Amino acid sequence: MHHPVILLLCLSSLAGAANLPPEDLSQPVTADVIVPTGGTAILKCTVQEHLESSLQWSNTAQQTLYFGEKRALRDNRIQLVHSSPNELTISISNVVLSDEGEYTCSIFTMPVRTAKAVVTVLGVPQKPQVSGFESAFKENDKAKLRCTTSGSKPAANIKWYKGPEELEGAKTSVLEDGNGKTFTVKSFIEFDVTKDDDGAEITCAVGHESLHDSAKSSSHKIQVQYKPTAKIESRPSMPREGDKLRLQCDAYGNPVPDNYVWERENGEVPLLANIEGNSLVFFNLNKTDSGTYTCKASNTLGTFITHYKLDVNDPSPIPSTSSIDHAVIGGVVAVIAFLLFCLLIVLGRYLIRHKGTYLTHEAKGSDDAPDADTAIINAEGGQGGSDDKKEYFI
């Protein structure tokens, strides 16, 4: 039922399309350009049908820059990139803010056809300058810092960081520069400082579209002065009577603590103890040195007091000389006994192997000496002699 309506709409659309003017193939085509100061702008103009005419580029003051491949304006920053009947491309190097505006590409047909290309020049912000670090902060002070950058177009944005952490709450002001084109941006930040901020890096980062996702920044490390803290360490940790002991007071602060005072609760510091810088030294500990000792560490901002309870233990037991001597003697006796035992074994084996072949001086001196000599001769003569052999023993 709706088919006639749909058909009518389709016919109407076709009729409207038929009434559109045909595409002008001789119309030049250009594109807008955005370039930062100091950069290079590329101006490209193309045409499908040149109709035997040349393309021409003109600047914002309608001065001809190039007509075809012929240079018309003496400006070495402007160079020919490509020239053909269907294209004319030129470049402008070291772009400045005054180069901004509308550039015209023309083709001298009948009628003359033109196309505009808008060149936008970005003002690159300068490296930011940060103030407020002229002197050190004191703990719990409020830091007030300012960051300034000039020459940006459009106006730059500024962010603050403490280490990797972004600081919130900054206030920003934007002022137009004297040239009427660029801007100066100022950012102010305030925050309370603690001793943990001593040495922290504060960064002012400037962001701008001319910086291509990077940022110009300035960083400074802040100094925070604070009262000292301290603790006492014992060396050795388990002191005994007769030891040398060093009680060392390790203090931290800004400025560095430079004054140390040692005291003893309910008494005087022993006369034989020496104060060496931040240390109290006992050269020969005594039981009477036990007690609570106090170290007062000071800098220009204040004093910190820390305590240490000293308990002197009994001297280490020393083994007696007599017990050492007994052990040595016992060891020597054991060695000698072992050697004698070995000697007896060797001697016994020797006697067994030479049984019946011994002749003593006493035997030689007796009445049976000739028989003893004969026994020796028979023994040396082997088994070939008589079976009757005499043996002489002591």
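Glycine is no exception: its Cβ is also placed from the backbone N, Cα and C atoms.
Since the structure is predicted, the reported quantities are computational estimates derived from the model, not experimental observations.
Record features (Swiss-Prot):
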| type | residues | note |
| --- | --- | --- |
| TOPO_DOM | 18-326 | topological domain 'Extracellular' |
| DOMAIN | 22-120 | domain 'Ig-like V-type' |
| DOMAIN | 128-223 | domain 'Ig-like C2-type 1' |
| REGION | 217-240 | region 'Disordered' |
| DOMAIN | 228-306 | domain 'Ig-like C2-type 2' |
| TRANSMEM | 327-347 | transmembrane segment |
| TOPO_DOM | 348-394 | topological domain 'Cytoplasmic' |
| REGION | 363-394 | region 'Disordered' |
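Applying DSSP to the domain 'Ig-like C2-type 2' (228-306) sorts its residues as follows: 3 helix, 48 strand, 28 coil. Residue counts of the domain 'Ig-like C2-type 1' (128-223) by helix, strand and coil are 6 helix, 56 strand, 34 coil (DSSP-based).
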